[in-house]
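S.K.: I'd like to ask some things about the structure below.
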C-alpha cells in the first residue's frame, strides 16, 4: 500500500508548496510531471499489479498475434495496441506505454494554472490515477482524451475542431465517454453551421466503427456478474457529494449542467443497486464533474486554509481506493496489493 500512498503524498506536498508560493508560470506541465514522477514510476514499472491487467494481457496480445477477431473492445484501443506492437510486440511494453501516454495527456490537460494543479492533485489523482493507468486502461486513456478535448474549449479562443478530434479519439477508446462529450458539447459550444458538418462526420465515423458485438458482450458480462452490494455504490456517491458541495461553496452559484451531472450520478447509484454497470457510470459522472470544475468555471483564488479541505477530500478518496484494492486481493489474478515491479513478475 505504501507504493501508492507515498507518491500521492509527495505530489500533494509539492503542489501545495507551488500553490502557496509566489512563483507564476505560463504552464505548469514540467513541474507537474516532476511532481508525478514517483507515481509514474510505480505505474509504468509495475508488474502483475492491477485488477484487469491479466485480462489486458490476453486482449492486447490477441490484437497483434493474429487473433484480432477475438478482440471485441473498442477499435481505437485495438488499433493503438497494434500500432505500439510495431515498436515492440510485447504486452509488457504496450501496457506501460499506454499508461505513460495516459499520464502525459492528463498532465497536459491539468497543468494550465495553479487552480488546475489543485483539482488534479487533490480531487482527481487520489481516486483515479492508479486505476486509470494500471487497471482500466481503456477508460483511463479515453477520459484523459476527453480532458484534453475539454481543454480546447476552455482556452480564451476556443478550438472546436480540435475538440471534435480529441472527442472522437476518446470515444474510439471507450464508447461510454460519448456521454461526457455530449455534456461538454451541449453546455460549452455555441452551435454553428460548420459544427453540423463535424457532427455528420463524427456520426458517420462512429457508426462505421461501431462493433455491436461489443455491446452484446457487455450485456453478457454484467449478467454473469453477481449484483453488487448497496455499499459498493454508496462510497463513490458520498465522494461525489463531498466534491460537489465543496465546489458549490467555493463558486456560490453553479451552472445548470452541474445539476444535470448530479442527477445522472444519483441515477447511476440507483442502477448500481442492481448492476455493476451503475458503478461504471458513477465513475464516469465523477470524472465528468472534475472536468467541469477544472476547465469550465471561474478560477478561484483560494485561501490557504482551504488547502486543508482539499487535503481531507484527498484522504477520503485515497482511503476509499485503498479499501477497494485490499478487498480484491483474493478474487483476481493481478491484484493491486501486494504491489510488484515488472522484474518481480510471478
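Just so you know, glycine gets a Cβ as well, placed from its N, Cα and C.
The transmembrane segment annotation in TrEMBL covers 6-21, 28-47, 86-107, 114-130, 161-188, 194-212, 233-250, 256-272, 279-296.
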S.K.: So if I exclude everything within five residues of the ends of the transmembrane segment (86-107), which remaining residues of that chain have a CB under 8 angstroms from its CBs? That is, six or more out.
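M.R.: Residues 29, 32-33, 36, 40, 43-46, 53, 56-57, 60-61, 64-65, 80, 120, 124, 129, 132-134, 137, 140-141, 144-145, 147-148, 342, 345 contact the transmembrane segment (86-107) from elsewhere in the chain.
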S.K.: Using a Cβ-Cβ cut-off of under 8 Å, list the residues of the same chain that are 6+ residues beyond the ends of the transmembrane segment (161-188) and lie near it.
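M.R.: Same-chain contacts beyond the flanks: 74-77, 80, 138-139, 141-143, 145-146, 148-150, 152-153, 198, 202, 205-206, 209-210, 214, 255-257, 260-261, 264, 280-281, 284, 287-288, 291-292, 296.
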S.K.: For the transmembrane segment (256-272), which stretch among 114-130, 233-250, 279-296 has the most Cβ pairs under 8 A?
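M.R.: So the stretch in question is 279-296.
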